[in-house]
Every structure is written in structure tokens, then in C-alpha cells.
């Protein structure tokens with residue numbers, strides 16, 4: 001009696017059998033060879049323990065689903081596992097049923113757990129999308145307008161301050177001009193007073209000279225009178241002496257009139273004094289006029305020089321004030337430019353940091369989305385495989401029983417169970433075995449990956465895009 005040995009090997013997400021099966025599920029068709037019959041076997045994957053319930057349709061009937069033959073043993077399904085079915089049919093149906101029921105319960109529990117995890121992940125993704133409110137750049141237009149108004153006010157205030165400073169400087173210059181004029185007039189007054197004092201001293205000296213001359217004239221007059229008296233006395237004395245002695249008549253020259261001579265001398269002296277006085281007065285007048293002319297010319301020149309100096313000082317002060325105003329305006333403009341550059345550079349740095357942060361957040365979100373999409377794809381793949389496996393088990397449980405002959409070595413076997421078939425799965429016997437029928441393809445299970453992209457702004461959905469990707473199992 002020849003038997004077919006089929007040893008499927010499990011891996012994460014796929015199953016391969018040594019009989020040539022590959023894909024997510026492995027099916028072995030019913031084989032009738034040398035009077036022995038073996039029912040098809042279906043094995044699940046994805047790290048979960050798969051089990052299903054089988055039943056007997058009666059004595060001599062073929063077991064639907066999967067059964068354990070003699071010498072068949074199972075290994076753990078933590079990530080990988082396999083069935084090694086060798087030998088004949090095992091008669092311990094109750095133990096087999098118990099094991100299969102336990103495996104089915106574990107499988108259903110694992111399915112429910114995965115569904116709960118899928119629901120939790122969907123809730124977390126939804127909450128994360130709700131929490132991730134798109135960053136709205138604040139509107140700085142009002143602040144820019146306020147800043148421009150403040151800058152205009154600052155410029156107007158600076159210009160007003162410059163105008164007030166210019167007026168103050170002009171007032172200071174006018175005060176300096178008046179002070180200079182006052183000092184000039186004061187110096188002129190002092191000079192005139194000094195000249196007057198000098199002229200008064202000269203007048204006093206001339207008065208003293210006049211008094212001296214008058215005193216001299218008086219003394220000369222007194223001396224002349226004394227001389228006249230003495231002369232008369234001498235003449236009288238001589239006459240008296242001559243009268244007593246001799247009367248001598250002498251024919252002499254006429255006598256000299258002394259009064260006339262004195263009058264002539266007096267006239268000469270008076271004319272001389274008058275001439276001297278006129279000369280001195282003329283000289284004094286000429287000297288005074290020359291001095292006054294020199295003083296006037298000097299004062300005029302001094303006044304001209306002082307006015308020129310004042311004008312030059314005023315011009316210099318106005319130019320200095322204008323220079324200071326221009327320098328202050330330049331400094332204010334430079335400070336304003338520096339402040340503007342610093343403000344815009346800081347705003348640019350903040351925006352650059354914000355852009356960098358947003359880009360990093362977008363990169364993180366993209367990585368999270370890719371990771372979650374990958375996990376979601378893996379979960380969808382697992383879910384689809386589990387659903388297909390559940391559907392397969394359900395069809396196996398709800399299908400018709402396969403009637404087997406009473407004798408295990410009968411030459412015919414009519415399987416009553418149709419198992420889904422993966423197109424890439426082939427049945428290759430390990431020994432001489434004649435299959436009961438050709439391998440018919442089972443219906444394919446197709447899945448769709450639906451990606452919904454929503455753009456949310458201020459808590460409102462602006463746009464929504466849906467992308468459906470068909471995926472065949």
C-alpha cells in the first residue's frame with residue numbers, strides 16, 4: 001500500500017509544502033491509491049493556531065476536512081509550525097476533535113484580538129489626525145500697519161525735535177549776537193568815556209595853564225605898577241634934589257613915554273598870549289579832530305569786522321546746526337535701518353525655524369504615515385488572510401460530508417468537500433499515487449486598500465480625497 005507524504009512548512013505570512021504547494025493556503029486533493037484514501041488537509045498561517053471541527057457522516061464515510069493519520073504529530077504555531085502526517089488513519093477521533101476545537105477557539109480568540117487591535121489603531125489614527133491641527137501662520141499685517149504708523153510718528157517726532165533744536169540754536173545765536181552787540185556798544189561807550197575823561201584832563205590842564213598865565217599877567221601888572229611907583233619916586237626924589245641945587249636946563253631929547261611903552265608891551269604880550277592861545281586851541285582842535293576821526297574810523301572798521309565776525313559765526317553755527325541735524329538724521333536712519341534689519345532677520349530666523357519645525361513635523365508625520373500605512377497594510381493582509389481562512393473553514397464546516405468506503409483499502413473515494421484553491425498551488429505526490437480528480441481552481445479573494453486624505457483647517461474639513469488600490473489575495 002502506497003501512501004502520499006505531504007509535509008507543509010509554515011512561515012510568517014506564507015505556507016509551503018514539500019508536495020509542491022505554495023502561497024497562503026495549502027490544499028492536498030483526495031488521493032486514492034492501492035486501496036487507501038486520504039482526505040484533503042488545509043493548514044492556516046500568520047502565527048495563529050488554526051483549527052476546525054470535523055465530523056463523520058457515518059461508518060465507512062470519508063472524513064471531511066483534515067484528520068490525523070497514524071504517526072501524525074503537530075508542532076507549536078508560535079510564528080512557524082507544521083504538520084507531519086505519516087502513517088495510516090488514527091482512530092482516536094475524540095482526541096483529534098478536542099485538539100481541533102481548541103485550535104479553532106484559539107484562532108477565533110486571536111481573530112477577535114486582532115480586530116480589537118485594528119479598531120484601537122483606527123481610533124488612535126483618527127485621534128491623532130484630530131489632534132494634529134494644521135499650523136496656521138498668524139496674521140502680522142495689523143502689527144505691520146501699527147509698526148509703520150509708529151515709525152511714521154517716530155520720524156515726525158524726530159523731525160519736530162530737529163526743528164525745535166534748530167529754533168533753539170537760532171535763539172542762542174540771536175542771544176549771542178545781542179550779547180556781542182551789547183559788549184561792542186559797552187566797549188565803545190567805555191572808549192568814548194575814556195576819551196572824554198582824557199579831554200577833560202586836557203581841559204583841566206589848559207585851565208591850569210590859563211590860570212598860571214593870568215597869574216603871571218597879574219604879577220607882571222603888579223610889577224609894572226611897582227616899577228612905575230618906584231620910577232616916580234625916584235624922579236620926584238631927583239627933582240627935589242635938583243631943585244635944591246641947581247636949575248640946569250639941558251636941551252635934551254624928548255622924554256620917553258613909559259606908559260605908552262608899557263601899553264605897547266602889554267599889547268604885544270596880549271597879542272602874543274592870544275596868538276599862543278589860538279595856536280594851542282587850534283592845535284588842540286586839530287588833534288582832537290584827528291583823534292576823533294581815527295576813533296570813528298577805527299570804530300567803523302571794528303564794527304565792520306565785528307559784523308563780519310558775527311555773520312561768519314552765525315553762518316558757522318547754522319552750518320554746524322545743519323550738520324548736526326543731518327548727522328542726527330543719518331544716525332536715526334542708520335539705527336532705524338539696523339532695527340529694521342534686525343527685526344526682519346529675527347522674523348526671517350523665526351520663520352526659518354518655523355519652516356524647519358514644520359518640515360521636521362511633516363517628515364515625522366510622513367514617516368509615521370508610512371509606518372502606519374505599512375502596519376495597516378500588514379494588518380489588512382493579515383485580516384484578509386484570516387478572513388479567507390475563516391471563510392475556508394466555514395465552507396469546510398458547512399460543506400457536505402465525504403462518504404468513505406467501509407474498508408480503508410477500497411478502490412474508490414468520493415470527496416464531498418470542496419476546498420478553496422490558490423492558483424499557484426499544485427499537487428505533487430511523493431510516491432506512486434493516482435489522484436481522484438484534477439485540481440480545480442478555487443475562487444480568488446480580492447481586497448481593496450482605501451486611503452482617505454482629508455485637509456482640515458480650523459477644525460473644518462476643506463478637501464477630501466479617496467484613493468482605492470485593488471489588491472488580489
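Glycine is treated like the rest: Cβ placed from N, Cα and C.
Fair warning: this is a prediction, and the values are worked out from it, not measured in the lab.
Summarising the annotation, Swiss-Prot assigns domain 'IF rod' to 93-404.
What Swiss-Prot lists as region 'Head' is 1-93.
Annotation comment: Swiss-Prot describes 94-128 as region 'Coil 1A'.
The feature region 'Linker 1' is assigned by Swiss-Prot to 129-139, with sequence analysis given as support.
If you look up Swiss-Prot, you'll see 140-240 marked as region 'Coil 1B', on the strength of sequence analysis. Here the region 'Coil 1B' (140-240) has, by DSSP, the following mix of helix, strand and coil residues: 100 helix, 0 strand, 1 coil.
Per-residue pLDDT, averaged along the region 'Linker 12' (241-256), amounts to 57 for this model. Among the features that Swiss-Prot reports, region 'Linker 12' is placed at 241-256.
Per Swiss-Prot, the feature region 'Coil 2' maps to 257-400.
The annotation region 'Tail' is assigned in Swiss-Prot to 401-473 on the grounds of sequence analysis.
The site 'Stutter' feature in Swiss-Prot is assigned to 342; the stated evidence is sequence analysis. The Cβ neighbour count for residue 342 (site 'Stutter'), using a 10 Å radius over every protein chain in view, is 10.
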